[in-house]
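Trainee: OK, TrEMBL features for this one:
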DOMAIN    32-471  domain 'Major facilitator superfamily (MFS) profile'
TRANSMEM  28-57  transmembrane segment
TRANSMEM  69-91  transmembrane segment
TRANSMEM  126-147  transmembrane segment
TRANSMEM  159-177  transmembrane segment
TRANSMEM  223-244  transmembrane segment
TRANSMEM  318-341  transmembrane segment
TRANSMEM  353-370  transmembrane segment
TRANSMEM  377-397  transmembrane segment
TRANSMEM  447-467  transmembrane segment
């Protein structure tokens, strides 16, 4: 048996043997995943940065500080944009391809970041949030789809979950940036005692009353830097994406088979490449025949500093620091999820994650019930609840929905269906972001978390009844599962379902 090399492939193989592909075995695919995943970084950064920036926006604009509705609108207007972007993003992806959709998302996101940084009032800021949301919405559809269509089936879950790692990494980065600008503000703050001592006057002299107090939490413009920095990763991705290929599956179905083969040859060895092309050819033939015939995670990420302050930690700096720890756990948990999703399976991972989320929400609710009853020093229980929430959510419900939604739809409708699912996600986010503070004011924070716990129970029921296991299945095999469910005919899929349930 001869050994042959294939330029740009995953390595040297025996010509008749299918070499096992692992997460790190093909640097080309991994690099493509990371570059596409910068869209997830934008998503995560925007989610996290507004939570800290909001504290300073309230300091600068009195009308924002006095209005919970205006605060919710600043947060949630990005979700309105994301909802629109996700809805239109599906069509953009199917019509113009994943690469062009990514480039468009980067341009819109960067423009929105500049508008926010320069906003003279809350209403221009809200418009900037809308633009950023449009970019995030398109990216939220495009990135997981682009990665999934270039990924070998046996590591598809881990690679798509890398996009989720970029989201959680972006959230962690945003808290680091928030804290960094807070510390910069502290370094230039001036206390009246410092000025009076420098002038040789007594600490309690009358002159000290005339010197303005410039505490860290009052340094103007801090939030502008927090929001404006978001343009940097968008510009970086735009430049790198110009060097990346289009999705090979989109090329094969919509544009050029020869271009698709060139891209696929950099992913698979010759033997596996032939199999992939046979599957794509069969799928294309089927498509032509057809033509002729919420859980509350964004409450935690958007409002975690606010929740920490509700729990009794009044300092902006301490609230951001504790939220930074929560964001770090989110990123670390996603790393665990990248391993588990292709070993433990999507369905089991989602169910175990949701059960832990439910328990965490109960703990959060209990902490605020104790606080409302007059108990003291219970703030750390709430912080523990937040930390446990992230510890359970990040490995499971963080990556699983994005992975499943990137692999369960037919090729010709993958963009549209992915856009629909992302739109539903953003609508849910909008409801949470626009209502959290108001609901907490109306019924109490403790009851708000109980409501989220009830929603989690509904999510557990849905996953248990309706979500199949798709671990290790090709796109074509997943389609056969839905054919069996829709038409009541096996189509040779019994073994797939059984294997999925046993995985």
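Placed from the backbone N, Cα and C atoms, the Cβ positions cover glycine too.
Keep in mind that TrEMBL annotations are predicted by a computer and have not been checked by a curator.
Help me picture where these features are in the structure shown.
Mentor: Each residue in the domain 'Major facilitator superfamily (MFS) profile' (32-471) has a pLDDT score, and their mean in this model is 81.
Within the chain, the transmembrane segment (28-57) has long-range Cβ neighbours (under 8 A, six or more residues past its boundaries) at 8, 64, 71, 74-75, 78, 98, 102, 105-106, 109, 122, 125, 129, 132-133, 135-136, 139-140, 142-143, 146-147, 150-152, 159, 162-175, 177-179, 182, 217, 222-223, 226-227, 230, 233-234, 236-237, 240-241, 244-245, 266-267, 298, 301-306, 316, 319-320, 323, 327.
Sequence-distant contacts of the transmembrane segment (69-91) (same chain, at least 6 residues past either end, Cβ-Cβ under 8 Å): 46, 50, 54, 57-58, 63, 101, 105, 108, 112, 122, 125-127, 129-142, 302-303, 415-420, 422-423, 425-427, 429-430, 433-438.
Sequence-distant contacts of the transmembrane segment (126-147) (same chain, at least 6 residues past either end, Cβ-Cβ under 8 Å): 32-33, 36-37, 39-40, 42-43, 46, 50, 73-75, 77-90, 92-93, 98-99, 101-102, 104-117, 119, 159-160, 162-163, 227, 230, 234, 247, 402-403, 405-406, 414-415, 418-419, 422-423, 425-426.
Residues of the same chain lying 6 or more positions beyond the ends of the transmembrane segment (223-244) and with a Cβ under 8 Å from any Cβ of it are 32, 35-36, 38-39, 41-42, 45-46, 49-50, 52-54, 56-57, 60, 99, 102-103, 105-107, 109-110, 113-114, 116-119, 128, 132, 135, 170, 174, 177-178, 181.
Among residues of the same chain six or more beyond the transmembrane segment (377-397), those with a C-beta under 8 A of the stretch's C-beta atoms are 168, 295, 297, 300, 304, 307-308, 310-313, 322, 325-326, 329-334, 336-337, 340, 349-350, 352-357, 359-361, 363-364, 366-368, 370-371.
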Trainee: May I ask for the residues of the chain that lie six or more residues beyond the transmembrane segment (353-370) and have a Cβ under 8 Å from a Cβ within it?
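Mentor: Distant contacts of the transmembrane segment (353-370): 295-296, 310-311, 378-379, 381-382, 384-386, 388-389, 391-393, 395-398, 400, 444-447, 449-450, 452-453, 456-457, 459-460, 463.
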